[in-house]
């Protein structure tokens with residue numbers, strides 16, 4: 001008997017459907033056969049292509065909902081004690097970076113005193129520190145996206161602490177360079193980590209303002225370094241480095257105690273702690289954290305679970321983990337060239353380079369120009385003595401800023417005096433006695449020295465150029481350069497650094513108050529274009545006071561651009577690439593500083609038009625390109 005609901009082949013159909021012709025029926029049944037047939041791959045455990053598409057679509061929708069979910073949670077947590085605690089702890093780490101940026105220039109005279117390094121060697125030390133900080137930013141920026149912000153920040157501060165401490169006891173210049181390179185490698189990674197870490201605990205309407213307040217700690221580091229150097233180095237010399245280390249001890253202690261673990265499987269606990277800490281401090285401890293589930297993407301640790309189980313020994317597991325991490329960091333770097341990130345990344349690179357080139361270039365030019373003006377003023381007051389003959393005379397007073405040409409000194413005694421910036425040319429010293437002499441920038445050129453004794457002096461072979469010596473004795477020569485800190489390290493240079501750091505304060509405050517009101521792009525572009533106008537005022541600087549004045553004005557105006565750049569750089573990139581991108585941008589900043597320091601320093605004493613024009617052109621170029629960047633003040637972090 002025929003079933004009224006099935007055809008002869010056993011396929012169901014509705015009896016009230018109208019009659020179809022043979023071809024139409026064939027088409028209909030053909031389609032039904034394809035839909036109802038068993039997918040061949042199912043026997044092999046292979047998902048159906050439609051299932052794969054559906055899973056990908058669901059994952060994409062889930063990932064797109066993550067930023068909105070996280071932003072909603074942060075708004076529910078509020079802004080309070082937790083963020084302010086993190087603000088001060090991270091601020092100390094940023095302050096350590098600011099100190100490190102200034103400390104080399106301030107302790108160089110200490111190294112020069114102990115190691116007698118030349119100007120070329122001093123330049124090499126400054127270059128090496130910038131190179132190490134550039135490498136540190138690139139490496140640690142990438143690692144913090146894989147290892148975690150807190151862990152990497154503790155690592156970089158510890159590295160800086162250890163090698164800075166060891167550098168205080170370095171005896172050889174080569175070893176000192178190595179230790180400073182390692183120290184710079186550590187602290188160079190702090191800036192990318194600090195900004196990315198703090199950003200991820202801020203809600204959208206608070207990010208611009210509070211990241212700008214955080215920038216102020218770098219200025220405080222500069223103030224601390226310059227003020228401490230001003231008060232201590234003239235009296236205690238290289239003990240300044242020890243005091244600097246005390247600050248780093250405090251930074252690392254607070255970092256270790258204050259930072260939170262951010263493992264993804266503990267995200268709910270961390271955000272609940274943020275919520276409870278803030279509302280308890282506000283007097284509402286009864287507020288309940290209503291979030292019960294947080295969608296979190298798979299992280300590095302999830303992928304390591306399989307690796308740890310599949311490998312044998314601990315060393316094999318460690319090797320596989322590290323190689324896998326290296327591959328993923330490199331993949332993260334390469335992903336920044338994706339089409340959706342390529343254009344904005346190029347614009348950011350240009351703006352960062354232009355800003356760093358002009359800022360650090362003028363930062364080198366300002367103190368060097370002041371030193372050159374001091375040198376010119378000093379040279380204009382030099383006393384010249386020509387063909388003087390001094391016999392059986394006791395020099396018991398200091399000789400300062402003098403030139404003696406074709407003089408004759410017979411049976412003279414130079415004892416317990418300081419000789420500073422003195423040059424003896426084509427002169428004769430016969431039967432003379434030098435005892436307890438301390439000299440700076442003093443030379444003997446084309447002189448004849450006969451039957452003369454140098455006892456306990458710092459006059460050695462390098463001080464005598466093309467001199468003829470007959471029966472001359474050097475007894476108990478002093479070791480080291482024995483610079484006079486009070487005079488050799490001009491207090492004006494410390495004052496310049498201090499005032500330059502202090503001038504940043506009003507610009508920092510203004511940019512923080514208006515960052516979320518007028519937007520990042522207007523802040524960056526307006527600040528860079530206004531700074532370019534300030535550079536032209538430098539053409540009117542004909543005295544040390546004028547240079548200091550225009551320097552302070554330039555720093556006050558340009559700091560807003562720095563704040564805007566740091567804010568927009570962490571907002572443009574997703575969390576998985578944020579540290580890597582910021583590390584690359586900060587590395588480019590250090591590279592621009594290296595290039596600028598060479599170029600600007602080369603024109604000191606030659607012309608000031610070229611440095612000023614280069615700074616002006618870079619600022620205008622960077623400011624115009626910055627106007628093409630996307631505005632991020634209403635962007636939810638991805």
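Cβ coordinates are placed from backbone N, Cα and C, and glycine is handled just like the others.
Any TrEMBL annotation is an automated prediction that lacks curation.
TrEMBL annotations:
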REGION    1-65  region 'Disordered'
COMPBIAS  19-39  compositional bias 'Acidic residues'
COMPBIAS  48-60  compositional bias 'Basic and acidic residues'
TRANSMEM  84-111  transmembrane segment
DOMAIN    86-633  domain 'Major facilitator superfamily (MFS) profile'
TRANSMEM  123-140  transmembrane segment
TRANSMEM  152-172  transmembrane segment
TRANSMEM  178-198  transmembrane segment
TRANSMEM  210-233  transmembrane segment
TRANSMEM  239-259  transmembrane segment
TRANSMEM  345-366  transmembrane segment
TRANSMEM  491-514  transmembrane segment
TRANSMEM  521-542  transmembrane segment
TRANSMEM  548-568  transmembrane segment
TRANSMEM  580-603  transmembrane segment
TRANSMEM  609-629  transmembrane segment
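Using a cut-off of 8 Å between Cβ atoms, the transmembrane segment (178-198) and the transmembrane segment (123-140) share at least three residue pairs, counting only pairs 6 or more apart in sequence. Contact counts against the transmembrane segment (580-603), taken as Cβ pairs under 8 Å, peak for 345-366 among the stretches 152-172, 345-366, 521-542. Take the transmembrane segment (521-542) and the stretches 123-140, 152-172, 345-366, 548-568: counting Cβ pairs under 8 Å, 548-568 has the most.
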